[in-house]
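The following features are taken from TrEMBL:
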type	residues	note
DOMAIN	201-557	domain 'UvrD-like helicase ATP-binding'
BINDING	GLY222, ARG223, SER224, GLY225, THR226, GLY227, LYS228, THR229	ATP binding site
REGION	1666-1692	region 'Disordered'
Amino acid sequence: MKAALYFDNADGFGEWQILISTEAYKHLREFRRTDKKTFKIIFKKIKQLSNGHFSDDNHRRLNGPDAGIPIYDAKMTKDLQLVYQIDCVPDQDGKVLIKIYGIYMDAQLDGIWDALGSHLARKGREYRKRCIFRNRPVLSKDNAILPASFPLAEPEPECSGGPLNLSNKDMDHVEYDHVIGSPLILIFAKGLIADQDVQHVFMLTPQEQKIVECTTSCYVLGRSGTGKTTTMLFKILGIQRAWEMSAIDMPKPRQIFVTKSRVLATKVEEYFTKLLESLALAGYTLEELAKMKARRVQEGLVDLDDVPESQMNIPMKYSELEDKHFPLFLTFDRVHILSRKDSAGVFFNVDDADAHDCFVTYDVFANQYWPHFPQNLSKNLNPWLVFSEFMGIVKGSEHALTCPEGVLDRPNYLRLPHRSNPNFANQRGILYDMFEHYTKIKRQRRHHDVADRTHAILKVLRSKEFPGKQIDYLYVDEAQDNLLIDALFLRQLCRNPDGLFWAGDTAQTISAGSSFRFDDLKAFLYRVEQQNISANSAGACLRQPAMFQLAINYRSHGGIVNCARSVIELITKFWPNTIDTLRPEMGVVDGLKPVFFTGWDKATVHHEQFLFGTKGGHIEFGAEQCILVRDDAARQRLRDQVGEVGLIMTLYESKGLEFNDVLLYNFFEDSAVDLSRWRVVLNGVDGQGYAPNFDRDEARYAGLKILYVGITRARKNIWIVDKSDRSEPMRIFWTSRNQVRNCTPGTEVPHLAVSSTPEEWASFGRSLFSHKRYSQAIHCFERANLHREVKVCEAYQLREAARSSVGVALLSNQKRAFNVAADAFTDCGATATGNQKLQYYRNSADCYVRAGDDLKAAEAYLSAQEFEQAAKRYRKVGRFDKTLHVLNDHGMDIPEETTAELWTVCRLFYCSRTTRPPLPLFSTFEEELEFMENYDLDYVRASLLESHSRYYEAAELHLSENRPLEAVRAFIKDESNVDSTIRAADTMLEYFWRKCSFRITVKSIADEPLQHFIALADQLEANKLTPATRDLISMFQNILRGNHEPLRNLALNFHKQNNKLAALICLDHIFSRTTDIRAFTVDEMQQFLQQFHTYARLLYLILTFPDPMKHRDIQRLFSIVRLSGDQFLIPGGTFLHNNLMEVRQGITWISEHSSGYTTSRRVVTQLLQQSIRTILKDKITEINAMCCKSPVFSQCLQFLISGACRRDNCPKEHVAVSKLDRQYHDNRIAIHIWQILILQFMHSAHPHIERRKSMQNWLKHLYEINNPPFFIQGSPADLDMNLMPLRRDGMKVGKLWIRESFYSLDPLHTQAEFLTVLMGMTSLSFAFDKDDAPVYISRAKCTISGPFELVRKWDKRYMAHDLLNSYQGAAHSSISSGILYILHVLDNRLYVNLSVLCDCIEDICSAFVINYRMGPDFNEFPLHNVVLPCNWLLFPHKFTAKKKTNLLLMNKLLDEIARLVEALRVEASMDFLWLNHTRFTPILRNFFISRICRVLCLSTSIVFFQYSSAAELYSLVAHNISNRTLRNTVDNIILSLHRNDPPSNVHPVNYRKLVDDVVRCIIPLPGCTPLPDGYLRALLAFDDNKGVGNLVHLVHKTMNQHTRVNTSIGRRLAYEKTIEIPHLLSSCAAIAQSTLRVEAPAPVRRLGHPKDQPEVMQYDEKEIKEPRPQEFEGEEERAEDVTANADTETRDASETLDEAVTFIAPDLDESLRTNGPSVEEEEAACKIQNAYRRYVRRRSSRAVNAEINGIFMACLKQTQSPEWRPSYYSLLFLGPLPHLLVCLERGITLTHTAKMKTKVLFKKESHEKLEELGQQISEIAALLKKGFRLRKQLEPSSSAHRARDIDALRSGVLEVEEFMQGVPSSMKDMRSDFQIAYKGIVAKKVHAGEKEKPTLNV
């Protein structure tokens, strides 16, 4: 589309075109405002001229005839004249036109017009000829002359001549930059009438016209002031007007003007608007124009960058731009922002203040980065050039686009060619080192720069389509201020390759960071276009963009332009590739040369005196004059010298500004470049004798560029003042080219200072303000006496100072600076009006925000009518009351989204606090309830429900949020629901369990709500509760009130109810207190140990669980909380938590938690077992210690014998003989068994504990109580096993204790008591474990080798074998072996316990007598009519095999017994004998003598009793020669005792009566026959029937009727076979030899591994059935909890009683097995080990397996119902579904955990995070609802499965996947399970071998 600027003629105007200068236009407007009459005259005169009505009155020549080109005046009034010229413009169709210079008074018409005429005549003779020529009038009567028209001709070369010597004011008359043709006169006139500040299209030069009309893309280069922006503007206007005039219905062209400077963009937009307005005025009437004038408002003093985006009348996003918004005039930053809004989260945020501080500008780089670079790198470098190198080359060049991260790496940077990149060509290594430092600091501070921003947006544009509709025309002004990569971004905005307009000048870069030439830009864009063509339209040709150069400078005259051009020539000469080479620019007119003051030094008068005057009487520069210095330091020095003489600015500050006069002060003196380096410019002087060689110097290059900037700031005069020698080379250079005028002392000093009016000061102050030069603007406004404007500028200056302190000053100082600026803006706002007022308050609010004072910021925003920001700041500071008021009062002015957010946060605040809101938050109850439900405000919601008497719902809500106290109160209040009381009780119990768990006492609980629960428990209606519930509540009440006695009865009740959990709690509180049991009686001890055994068994039972955490009751017992997955919480204050620190060294993987510690299932199991083991060990050790000191476990023998004990504090029990009945004996046995069973729990819990000594000690006690020294104490025959506690377990543990004692018996360590222990253990082994004893005894170390005393010398026989052979009784020689063993002991006087020795002698004698009497020679019926002690007849081995009864050996034994008796009698030679816990006393010696005599008497009476005649007796003697010897030996022993008294008769001899009675019976009175039953009679008389009658009369069943009853013997036993006798006598034998035998001595499994199998304790039908571990808890966890494997359950169900008892066995020490296991045993052990290892690996592979198994069992249970039939759905139901449900449950758990954490934060965090946390809670609550819905839909018991709908199941899987994706925590560990579910249910099955059918080719 071609631009169209000019239009048809206007009515009332003629053919002559009118060109009006700026001065003339000002005059016209002034007359329009001040003198309307004169204005009409002038307007009429202009119309006459346009119609060619020339007369003497309006066409009088003003200059002389020799002045060259005529200048005319037209008289308006008496003193007022219009000055104009007839001009000829070659490119305007050769027509002549009228130029109006202005309207002047006569006094103003001086000689300037002569000079102007002469100056114009330099254009040539042809030009003068055409200006003078006039056409004749067309009509003779009409003097109207039409403008002449001439053919186009080549321009003539200008004639030489001197420059115009005009004043600044005179120069204004010849500057014309507005051209208004006659077609626009109407518009021009109406603009004046409306008094609108409009602009008008003026005449362009031919070159400019070509640019405007160019139909391809173009590059326009030109120095400052050459009209680049004007051509852009006119092209935009032309295309806009062409579209408006087009008859074709076509879319509006989208045009965007882009520049770096906000000021320039605004000015161009204003200029364009005014041009549009000037064109639009043509359609208005005079009345409408008057209204427009009335609406005209003076623009305020406001920084354009502060105007909010909402007031820019364009959308916030680029994609939302519409045709009506175009054309747009934007800064490059604004274009970035629009693009960023379309890609939220991708680009850097630059909206808020903190993000603004993160943007690295040059000022930030210079102030915050440069000081932190190493000095060795930054020395002698210019930060401006360094920053430009970083941005323009390293990050912003074309090469950077091809590198990763958009940054040139070091090798590529170092390889850049010097020609195209001359800067730092020799210092690139240093530069890259600095760049790396810069990058590091930037990354640490999280800053970003312009290159980062552009790379980010380019990355997005490469990855997705362009957001929105692309533009048609792009105009980039001052392109050199952008990076090269910015051009790529801008190019992508435009869809039209011919719609690009790039303009600029690399010599006047004002933006740090740019570092490219237009040649680089052209080449880069050419390559971009080539890529676009190849990618989009193959074969399309690329139209080359046009290249234009503008060389006419409209800003400055020729004198200044020539001087500036010389600087450019130096740059291009020495740095040829740094800036673009252009045609030499020229001014419109010549002018005064710059003045260079030289020769002024200290020897002469200071030049400051001539320039500025003295301090006392100095002159002042005007508004359009400026003094430029190098830097701030130079400015301060000058001010110190001359004071405030005018505007003093640094060269950097002057960029973008224009002044009439500029004084460049000490530019060279303050330069870092020394004289030697400045002298290089002399190379540009022709004929210079000496000049140094050129070398690249970036500082010198920068100096020349900034010098060019300083010179081009001047429009009319430039004065260079420098007294330094460094200025001399440049002065010489300029002088040689006649481009400066030197001013030396003595010459006339030009008049510098020009006064300005207040209006001029104000006008220029506004200009400076728009360029953010606030300090200079303050100076101007002070001169204009505008105090309000001064205050405004001061406020802006304070803000700039505050901004510059960011990153440099301390944070407190930064905030203080912003606070001061905010206060200043507040003061400005208080006095301002309209939009200014609002903007100042807005600025104030922004500064308060930066100062951290959000409350003041909110108030300022409210004053600025920024209601959204005000509400947000009130909310941020926590003033929700004011937020509500703002929302209520101004809600319609706030965006709906923001209003909703703020209402939500206010509701969240007031609903989560106790503060009452100032306004209602909700309109209805339902709305309030819904809001609280959505945001999970459970407490307030519950209160709301209670306020509406919906107590049950409120209580359930309290419960769901773990507020049991409030729930109980609500339940109690509820009278409408019958379940409320039960729910209240259950809630109380749950809380009690949690707070009063195992080992927690009332003293350790610091919980105030607990007291409330106790009080609330009394309010429950007990009649509505079950007895079990009442007992539980009573239990906790007693515990919490410290009443322990009622707990005993409660424990009994719980035991009856099979509630072992409660029983354990009661027993733990009972036994946690130490009870002194040492003084207990046997009955009290039995009751205590029985109860303690129950306590220990319950504790031990916990250890037997392979996975205790799968049971809810165990979790409840120890207050363990299951978290997500395999994690558990150990709450603080609990038993395990208190023990954790003590055992934590041995346990890993424990994490801190707000409520305690979290750990895995394995670790919590380990901790639990270790803690229970510790309790078992401590309590059992304590009880064991007291039992060892309790007298009831050992009776005082001396007290039993004599009825008195003289021992002080005798540790044994003193019991009367009258109490020694069977019941008492059984009770004593019972307490031993209880204690052994209790100790076994400790041994099983601690397999490695040292237990040998304890086991041997209690086995010694058991031996002693089972084989007491005094027969009246009882015997094994008196034991009723039916009365024994847990007889099967007791027998089993006893057997295994004996077995391990054998293994652990070491002759070397127990040598002193070895023989006694060996004899006792052997006796117990064969008494209780007849079958297995020979096996393990043969393997025991002590039976293989022992002390040398037990080795017989003559044959080296180890006599322990004889002892074992004797007790085993299976060999033919067993009796002989026993006799030989006793003989060896007595002969060698081996150290032995006398009581045990007597037991051994009695056992051997009993075996001898029984086998002797079972011989066929005695009777047809063996043992018929025999009287023996019961304990002699208990062991079957004495009746089984025929054993040799060697009477000779027996006689030897009797001889040794005789010596033993004599030693006891005389108390001599008995040092090898000892007794347990006592020493030998005469009473004890006499007692053992009587015991031996009793044994002898029983043996002898057996031999001689039963025979009715002497013949029988003698036949016996005759049969066995030794019989008489045997009898004689016994008789001699008895007679010896009868004849000899003990040495001391102090104590009565208790065997005397027995001996005397025996003697009386065997030696009758003369004439009498010895009594055949004399020994028996003597025994019965000696026993006196006291104590336990342990004799039994054996009678064969066939002879039962024929045998006389002996009334002295209380027990008669009829038998048929002798083998039956042991079984008939005692149940003990039956049990001891029952099938309850251990097939292999396997130890109880160790409990160290949590996955070991549980112990199963089972008792016979007369005992309480003990549940299996699975039954301990009452109930297991539901489907979501971990359950045992199916194979475990099956195995547990099939365990036999033998296996159950085996589990309680102690652990045996395999190292003691010196006889190695057999091959079969080794193979069996390996099989068991391998199977166990496989089992452990399977169980510990993934903890979630247990969860899957539990759900699987629930699913399996459902499929076993009759409704289920085998189907494909059943396979999915049992296969993938459990995996899916496990994932769902884990997700629900994790979500619930996240919800609780968020709610805790919601209550704990300050109000700043209300929105974030509220949103999180809302999202989590919604997600949790979804999870619960899916659980209800997919759980095994769901009715949805009955439909067998596979599609519905697949849909559920997809919903679960979506749910898992929303879970706040990671669920990576569940992906494998979900994949199983997904593949099994959703994924399509691809069968192997199936091939897709080919598509038919049709």
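Keep in mind that glycine also has a Cβ here, set from the backbone N, Cα and C atoms.
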Non-site residues, in chain order, whose CB comes within 8 A of the mean position of the CB atoms of GLY222, ARG223, SER224, GLY225, THR226, GLY227, LYS228, THR229 at ATP: ASP505, LEU550, ASN553, TYR554, ARG555
THR229 (ATP binding site), number of other Cβ atoms within 10 Å: 21
Spatial neighbours, same chain, of THR226 (ATP binding site) - Cβ under 8 Å, 6+ residues apart: LEU550, ALA551, ILE552, ASN553, TYR554, GLU585
Overall pLDDT of the domain 'UvrD-like helicase ATP-binding' (201-557), taken as the mean: 79
SER224 (ATP binding site): tally of other CB atoms within 10 A of its CB: 22
Lowest local Cβ density among GLY222, GLY225, which the record lists as binding-site residues, within 10 Å: GLY225
Cβ-Cβ neighbours of GLY227 (ATP binding site) (radius 10 Å): 23
All-chain count of other Cβ atoms within 10 Å of LYS228 (ATP binding site): 25
Neighbouring C-beta atoms (10 Å sphere around the C-beta of ARG223 (ATP binding site)): 26
